[in-house]
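**Student:** What TrEMBL records for 1-60, 1403-1548 is region 'Disordered'. Taken from TrEMBL, the feature compositional bias 'Basic and acidic residues' applies to 16-41, 48-60, 1412-1432, 1480-1491. What TrEMBL records for 82-170, 186-257, 280-345, 364-435, 452-521, 541-610, 731-800, 1032-1105, 1146-1219, 1227-1295, 1321-1393 is domain 'S1 motif'. The compositional bias 'Acidic residues' feature in TrEMBL is assigned to 1469-1479.
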Amino acid sequence: MASMEENFPRGGIQKKPKEDKTPKLKLERDNLFDVHHEKQSQKRKRSQRDQGKQKKFKADKIAPAKDNVTIEPLVIEDLCEGMLLLGCIKEVSDYELVISLPNGLSGFVPVTQISDAYSKMLSKQVAQGELLEDLNSLLDMYSPGTLVRCVVTSAEKSADGRRSIKLSINPKKVNKGLNASSLASGMLLSGFVSSVEDHGYLIDIGVSGTHAFLPRQKAQNYIKALKRGPDLKIGQNLNCVIVEVKNGGRVVRLSVDRSEVAASLATEQQNWALSNLLPGLVVKARVQKVAPLGIKLSFLSSFTGIVDFMHMDPEKSTNYSPDQVMKACILSIHPTSKVVRLTLRQAFLHPGGSPNQLSNDRMGAVVKESTVKAFYKQFGAVFELDDGTLAFARLKHLSKTRKSFKPGSFKTGCKHRCRIIDYSLMDEMCIVSLKSHVIAARFLQYQDIHTGDVVQGKVFAMKHIGMQVKVTDGIKGLVPSMHLADVILKQPEKKYSIGDEVKCRVLECNPAGKKLILTLKKSLVQSKLPILSNYEDAKPGLITHGFVVCAREFGCIVKFYNDVKGLVPKNELSSEPISCPDKVFHEGQVVKVMVLKCEPEQERLLLSFRLSSPSAPEDKKECTAKEKREVKYQIGEMVDVKVLKKKDNGLEVSILEDEGNVIAGIPTAHLSDFVPTCKLLWHCLQEGDVLPRLMCLSDKGERIILSRKSAVISAVQEEQVVRSFSEIQPGMLLTGYVRNVMPFGVFVEFPFGVTGLAPKVSMSDKFVTDTKDHFVVGQTVVAKVMSIDEEKQRVLLNLKVSECSSGDSAAESFALLNQYFKEIKEIRNLLRRRGEPSAAQGLCELLPGKELQLVVQDVKEDGSAVFSGSCVTGLTVTATRYHLGDKNIAPGEKTKVLVLHVDALTSKVYVSLREELLKQRAKQLLTENSQHSAIVQHIAEEFAIVSLLETGQLAAVPIASHLNDTFRFDSEKLKVGQIISATLKVVKESDHGILLAVQGRAKKDVFVRVRNESETALEEVLATVKHSLSLGDIVTGTVKSVKPTHVTVAIDDKLTGSIHASRILDGVPIGSFPTCTLKAGQKVTARVIGGRDVNTHRYLPITHPHFTQSIPELSMRPSEIEGKVTAMLNLKEDNGLKKPGLYNVGQTVTCFVKKYNILKNWLEVEVAPHIRGRVPHLLLSLNTKILKHPEKSFKNGQAISATVTGTDVTETKLCLSLTGIQSLEQGSITVGMVTKVIPHIGLTIALPGGKTGKVSIFHLNDTYMDNPLGDFKVGKIVRCYILSHENGKIQLSLRQSRLNPKNNSKVEDAEITCIKDVKKGQLVRGYVKSVTSSGVFFGLSASLLGRILFQNVSPYFVQKHSLYKKYLPEGKLLTAKVLGVNGKEKHIELSLLPKDTGMPSILPESLGLPRYDAEEDKREADNREKREELKLKTKRRRENSESEKAKPKKRKMCPADENDSGIEVYYREEEDDDQEEEAAEKKSKVRKPGEAPRLQVSTGFTWDEDINATDTAVLNQKEESSESEEEEDPQLKLKKQTKKEKELEKQKKEKELCKLEAALMDPSRQPQSADDFDRLVLSSPNSSIVWLQYMAFHLQATEIEKARAVAERALKTICFREEQEKLNVWVALLNLENMYGTEETLMKVFERAVQYNEPLKVFQHLCDIYANSEKYKQAEELYHTMLKRFRQEKSVWLKYASFLLKQGQTEATHRLLERALKALPTKEHVDVISRFAQLEFRFGDPEHAKALFESTLSSYPKRTDIWSIYMDIMIKHGSQKEIRDIFERVVHLSLAPKKMKFFFKRYLDYEKKFGTTESVLAVKRAALEYVETRSSLVET
């Protein structure tokens, strides 16, 4: 028992006398584990743990003290290479399986350690570079919860000291101990499917020399239960039972049947030995000994094993006793010590089962009270959780550190707070942690992280793709390079170093793939706007932050969280138009956007950068509507509209979807495809009517244009349109509408704005005399593209019906008729809905075929009659002479008439009185497509009304057969009374009241039928002839006709056969024309080799049932005629010509040219009668001349040799190549076709085999040219050299030196591949890439850029950078000299200066720009200024009086304009730490309230663009207007003035002079001109403000030199005592040089300023100037100089610290503090630390700041000033708890009563403001106690 306490401590209880111990222990066990007896129905997991513990205690009781064997659970150190384990799959990913091992351990299996067959397939896939069909991913084959046998392949320590367990489940390694002779039936092995056969599966069981086979029937049940498809997959893991062993173990038959596997048991007969024992075997075992932490068992008669406490069966209520027999499952076998571990848990005792899982919601749960069940000092503790289940925690998870671990707190029954951090599948127990930081952690696993969460992390690696950040131990994320900062960082390693703490935001989280993408962009991390992480949340009007991923000419693409992205169209980028968005917006830029529209299903999102538009005044409403709709409607979008107004040329409508805000127009011609219907619909529509389903046609003009043309709408919806000129190909059929009719032809416009011309010759199949007779503007037409002129962007069209129709004229004409009546019906319904009791309503009721009783009103001279009646009020009813028949009628007579046609537009009704129409006949049953004779009764514009001869029923017949069929000669027109043949199409009298028919084939059709590609044109064979021929019959016949690829032969009078070109000669010479050897009328002998179906033209084998009704296919080949029939049969049945699929890739075949398809750009060939093929354009030849005109190079019927490259998608045609199989390897030369020309970048080229490559502009030629892409057009054929072929990207070169290296032609511009090719001093040519604020970027090669600083661009000083952009456009070819090459940073500095390059200056001398080297003499400048001032004095005086006065308003609105002149003496509000300097400067400054000045030196004026903004003398409005009137035309006034008027004018002038004098005397007046300033500086020579205003005045006019001269004058003039005033001017001059000068001129001024002023102040001002103009590098260098020069100055250290913190360099600041403390005297230390801490609070890390204050106060507790500062800052930034803690500490200090009173008062004020009444009372009590203790101390 003594040793038992040692092994089983009770949380560190001291040992007690032996007799006390036993009852105590027994009592504890009963109390602790009696749960099981009380609640049998508790969850299984709970009982498992309970029982587990019970065994242990039993062990404690029984184990004799002398023979004590301790059974420890497995620890990671016990694992070694070769150890066999039973594991359970925990997670499956693409490349590995995570395996749960016994005792809470885990390992992983890489994808290469599955099985040999699977690894082989992986290698094959990698080698081929394409996905294999039968290779399944691990996710398809494995699922979590499956038990697997594994072997440890390595258990090495990683760099961070952790062990990672690498496992293998490869049967070769797992079953290593087995050999063929040791196999026996009944054995349970793990096997892997290695191949799938017809009758079963070959299984890899890892035993060499043994073939294992699994029959299909034995696997059926397993496959059904698995539900993973109808077959087992290669690499799938199986538990197999050996059913039969043959040939001494060389062949074994297996079963995977679930019942057989579950019942399998390892027995002695199976000859198991310790060397080949496997985990997962179920054995019968006998208890040998019960030890403290488990049981010792014996099994398979001679082996012993151990069971640890975690694997005892929790279900058994009886205790284990020696010799007890039970089932056990082997868990692990140690390779060297041969220790076998087993489990008694029920889940493992039936092979093929799986352990219990943990519910998802429990993972990560915090358990407030978990009770200690037992504690094991080597392992950890077992707890009972709140739901009764058991969990364990390893020792390292019981306390924060090893030192803080207290065994005493883990006595049985102790309560602890813990968190479930994992679940061990192999132990069926939760794993918990008691570590406080784990319990408090926000995130435990990837599932806990949500998109948009702000997380803290630590940088742990820098990669080229970004930075890796560790969020917690198990969670790592990536910050892509774009997201490292708000701007793109070129050298992120300077900003971030490994170990830095960073605050990121989650952009994307994919727990399944353990993928976490973060951002460090401050704007996103600190954004308070809503997070947009899915399209459903994107409601219109939502404003949020996103980042730009792409800026192109069409707009910007902005991305949000979870890969949600949207488009900001060009017109929504800004309120001002932006021509080049890519120059304004850069990739990665954070932007604030507003959602305009979202379609979540299509994942389409439309955004705007214009966040709020101010409410538009009335007169701008239309404009606003336009802006709105521009975003919303794309061409092709369908909308419903409401008619607002009818205009002469169409309708003005509002779009209903947008609640009528968007106004659109519909031209009359676009109301229908039919010209008469357009007019009718326009006539019938009224304001307020709704028209459904109109299409947006264009958006270019002031408003949207809509169309209702159904043919155009369906063309757009079926994508039979071209969106741009580049998409047009000759031969295309496009639907459009007539734009204009000219004498020379017709202009046709198509949707998306493409226009083409149909010349007069191509307009019609008929002769065209006048183009206006054929087409009208707006008419819908179908046009065929004839040719395109790319240079002039012109398209020539053909409108001939023969070219544009599909060939089925009946179907086309019926479709038109049907559509026409459909539209007429819609118009009727519209009128009916309106419900007007007018003539229009009457029109709706009158249908053709209706009988009416009317009164004859009048009979005209021409024989026609007019009728009237109540049912036709307001309508004109007429019958022509023909329709009166033989009847003689008189006015007033009543008669019966039949309605023929109603013309709603003219309100005319045409009727007939003919007897054959009126007489009642029995209606016959008519059938569709039946032919009838019919009489034409009436002819309307689009159709004719006919009556059927047999029945007298009326039918409508279309006049036009096609949209383009618009013109008829008089002889062709239908005439009333004419008899025609009609084919009925609609046999019911529907809503139209008549039948619909088409004209029969009375006249010959004008169109030729377009044949299918698969047909062979056997025009002569018209009807099927039954014959008795069979395969092999010899026939003789006469050649009837010779076609390029076949010959037709008349066998007898009726029967015709066909001989294919491949069946004429035995050996066909390449290039010959076999069919040309035969002539028409020649007698031939041939043998029947097959047949061809008459209708489908498909090849029929002889065995086909319809063979006797086919066209016989013959062969004339001598070898086939002479050969025997049997040989023929074999040849035909087996010769691989049956299917295209049987041809091998690479095989050479002889084929015959059928034709070159211009539309599809391929050559169509025939290999055999039934085998066709295609040769793509680029595979026709390597000669570019042939490729330019392939149709000329290949003649129909020519024999050519081709290589098979595969079959097409339908597998009915071969894909062939005439150039062999192209290998696009590096260094090879091929041909390609230009598909895209990208300005300033290069070409995209289509290569053979469907691949594409890119050519950079640097690889187009050996000599660079000004317009390198000018010679290249889309479609041009070029020879290309393949530079590289990596990752599917192909880089090409068109340089002659690459294509023809033997020519040794001169290479003027050599290739620059890397930075090593560039040498200092070398002259290089290249193209301008861009002009930015930091210089001109210059492309030297596709991958290399050089930079040209502005001073090296031209010898002239240029103020406006836009001038550079004008003279250095993108793509300009220039010569530059290399000034320097930095290989490490890949920087190349170049120069364009004439002295370097020998070329003329980039900027012409004619611009009159100042030269950099022209130093002007100051005195000379002064003199010249004075002279100019004298000249202009009078003029400026006049200007003064007439200047505008109403400017101060503008000043308030824009204190700093964009194109600001500014002598940027930058002002920064944040600089609170520079209190000393500011205090001194404030005295000399006058600041206006509400202004944000940009000057530190002065705020009394603005640097506004318009100097008049400083004018404050305001004249009243009336006077100003009268003045302006006067100025209009003074000469005109003088002529007309009378004496009185002159007197008045004189008085007026006197008044004005008085006013002017008063204004000049006004002290508040602002100066207007140089004269004014001169007067002003004379009156206030020492005022720096006046001098600076004077400088600003010159800068406004961009006169930099004059501004410099003024500054120099000021420095000479201002009195030497006015130090501050002088300093202000020096600072302004520094600012001026920083903005407009060079680094050199700035340094000169700086050095002078240091001599004349207090150096420290000048240094500090220059630092500020650098920082404000974002020249951080120069600022840092200057600070380093200051730290050396002013080491003892505290302010320098603080200023530098502030600078570093604003840059985000917290670590550098911490190092700076250490340096400062070393440099400064000790008395300053406390103050410096305090100031540093204040800065940290504002700009850096508040936690570090607190630490600084705390350490200072612990050293100097009586520094009340520091306490006060700490309190103030914490009140601003800290939590109430922290603040109260500080107050509590302060009020308990022993300080002077006066100071204590101050602190108590502050504490009381704080509590009054933020606390409760109780807390206020508590402070008062504390104060009272302090007073009492003080008084008692005094007394004592």
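Glycine residues also receive a Cβ, built from the backbone N, Cα and C atoms like all the rest.
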**Student:** Counting a contact as 3 or more Cβ pairs under 8 Å, with residues at least 6 apart in sequence, do the domain 'S1 motif' (364-435) and the domain 'S1 motif' (452-521) touch?
**Tutor:** no
**Student:** Summarise the domain 'S1 motif' (82-170) by DSSP state, stating how many residues are helix, strand and coil.
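**Tutor:** Taking each residue of the domain 'S1 motif' (82-170) in turn, the totals are 23 helix, 32 strand, 34 coil.
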**Student:** Summarise the domain 'S1 motif' (364-435) by DSSP state, stating how many residues are helix, strand and coil.
**Tutor:** 7 helix, 36 strand, 29 coil
**Student:** Return the stretch with the most CB pairs under 8 A relative to the domain 'S1 motif' (731-800), choosing among 186-257, 280-345, 452-521, 1032-1105, 1227-1295.
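**Tutor:** Stretch with the highest Cβ contact count: 1227-1295.
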**Student:** DSSP-wise, what's the residue breakdown of the domain 'S1 motif' (1146-1219) into helix, strand and coil?
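**Tutor:** Reading the DSSP string over the domain 'S1 motif' (1146-1219) gives 12 helix, 37 strand, 25 coil.
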**Student:** Looking only at the domain 'S1 motif' (1146-1219), what is the mean pLDDT?
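**Tutor:** The predicted confidence over the domain 'S1 motif' (1146-1219), as a mean pLDDT, is 84.
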**Student:** Under DSSP, the domain 'S1 motif' (280-345) has how many residues in helix, strand and coil?
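**Tutor:** Going by DSSP assignments, the domain 'S1 motif' (280-345) contains 3 helix, 35 strand, 28 coil.
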**Student:** What does the DSSP secondary structure composition of the domain 'S1 motif' (1227-1295) look like, as residue counts for helix, strand and coil?
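**Tutor:** DSSP composition of the domain 'S1 motif' (1227-1295): 6 helix, 35 strand, 28 coil.
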